[in-house]
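Features of the protein shown, as given by TrEMBL:
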type	residues	note
DOMAIN	29-451	domain 'Ammonium transporter AmtB-like'
TRANSMEM	29-51	transmembrane segment
TRANSMEM	63-82	transmembrane segment
TRANSMEM	139-158	transmembrane segment
TRANSMEM	165-191	transmembrane segment
TRANSMEM	203-221	transmembrane segment
TRANSMEM	233-253	transmembrane segment
TRANSMEM	265-289	transmembrane segment
TRANSMEM	296-314	transmembrane segment
TRANSMEM	320-340	transmembrane segment
TRANSMEM	361-384	transmembrane segment
TRANSMEM	404-429	transmembrane segment
Amino acid sequence: MADATLYNMSAGYSPGLGVPDWLNKGDNAWQMISATLVGMQSVPGLVILYGSIVKKKWAVNSAFMALYAYAAVWLCWVTWGYKMSFGHKLLPFWGKAGPALEHGFLLAQAALPQTMHFHHNGTMEATAIMPAYPMASMVYFQCVFAAITLILLAGSLLGRMNFIAWMIFVPLWLTFSYTIGAFSIWGGGFLFHWGVMDYSGGYVIHLSSGVAGFTAAYWVGPRSTKDRERFPPNNVLLMLTGAGLLWMGWAGFNGGDPYSANVDSSLAVLNTNICAATSLLVWTCLDVIFFKKPSVIGAVQGMITGLVCITPGAGLVQGWAAIVMGIVSGSIPWFTMMVVHKRSRLLQQVDDTLGVFHTHAVAGFLGGATTGLFAHPSLCTLFLPVSNSKGAFYGSGMQFVRQVVGALFIISWNVVVTSLVCLAVRFIVPLRMPDDELTIGDDAVHGEEAYALWGDGEKYDSTKHGGWYSDNDMHHNHNKAPSGVTQNV
């Protein structure tokens, strides 16, 4: 033991240098675990879910859209996006751009400088948010939230968006849309100081991705007629695997947002599971009542709407309210998807591949509105900087108004900015794939296919697909070079 101590001293190693007085190791560990759980929701969670829930010929393209977005957001985030969302104010709804790469910045105590809140008379009401861990943990945690927002948005565009257009769309939308919502509601912008409640992203992530996805789907255009008529999942069991990762990862999604491993974090995780389970069961029961069959895909949709709905109020409502929110999220989005969608000309015209408008925009709005009803005063004091915050159920009807106004801001901003981004991208490359690529799918777009099988409805061509040959094929083709990545031995 003494030898080890002498060795560390001679090597210049000092454990105390990495443990400043302000560091809480438990909070830091939980924040990094939470960030990793959210990251796993995207990679591999949504990569698997997207690659499995679509038609076989789009499995690679759909999974790759998610994987690309995750990587692209990382670079944009640390280069300019983080400080636009959580840095010093440029405008009431936007922070000043700048890099989050220098070690002096990343190793200092985390701080959101614009979150200091003042009374109307100018006296300080709440200090700025300063968690007991380094800025690097905060940048990491907020980055995976930004990344999953783009990936959720992609669910509206699967099966036809030009991949090059998607590559350009991601950094533009992150810069001009996501950072606005994040700063306005979380980073110390005008909605934050007005008292709009969004515990973990019902507005910043889900409402924005649902509205932006629907808007982008309008500009990109629909899938091929054949794909719109029949679009079966290529692997339901793998789809459930991705959905399971999404559900379990939500413990980090909602549990990490108090910026501390505290009692409110525990309540948020519990409420998240209560609401998701309730919503899944309600959606499944409605499927049985009206369609006579319990749908696995329907159950996944119900799970997602429950997770989305509880997100803006996870640590702000009581357990009974989480059940009520689960009933709401399992029924109203079911109604809008199964009934309203089929009767609405607008919803029919826009090809929202995975129904992200219903599962995220509708459910996110419901979550924000019900949080404005059920937010408990004592729980609000654990999280919010505005004194006496509480839901309408406890006597503050104005909070419900704030929630609706906050939602309207997110909706209108995303409709306008997403449209402008799509129009800008369209000047560079087409937003939609050409018809010949839409007919073939992954093989035409990426030169790769998800499974070692020939394509949907395509005649078997041994010179292209390799594998088993007849005697005549072997006689004529045994010297032919293999066409795939792996050789047939």
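Positions of Cβ are set from backbone N, Cα and C atoms, glycine also.
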Looking only at the recorded stretches 203-221, 233-253, 265-289, 320-340, which one has the largest tally of CB-CB distances under 8 Å to the transmembrane segment (29-51)?
233-253
Counting a contact as 3 or more Cβ pairs under 8 Å, with residues at least 6 apart in sequence, do the transmembrane segment (139-158) and the transmembrane segment (404-429) touch?
no
I need to check the long-range neighbours of the transmembrane segment (265-289): which residues 6 or more away from its ends have a CB within less than 8 Å of a CB in the stretch?
30, 199-200, 247, 250-251, 253-258, 295, 298-299, 301-303, 305-307, 309-311, 313-315, 317, 319, 322-323, 325-327, 329-331, 334, 338, 379
Intrachain neighbours beyond the transmembrane segment (233-253), with Cβ under 8 angstroms and 6 or more residues off its ends:
33-38, 40-41, 44-56, 59, 145, 200-201, 269, 272-273, 276, 296-297, 300, 303-304, 307, 311, 450-451
Please tell me whether the transmembrane segment (165-191) and the transmembrane segment (404-429) touch - that is, whether there are at least 3 C-beta pairs under 8 Å between them, with each pair 6 or more apart in sequence.
yes
Stretch among 63-82, 203-221, 296-314 sharing the most Cβ pairs under 8 Å with the transmembrane segment (404-429):
203-221
Surrounding residues of the transmembrane segment (203-221) on its own chain - C-beta under 8 Å, 6+ positions past either end:
145, 148-150, 152-157, 160-161, 165, 169, 173, 177-178, 181-182, 185-186, 196, 308, 311-312, 349-353, 356-365, 367-368, 406-407, 410-411, 414-415, 417-419, 421-423, 426, 431-432
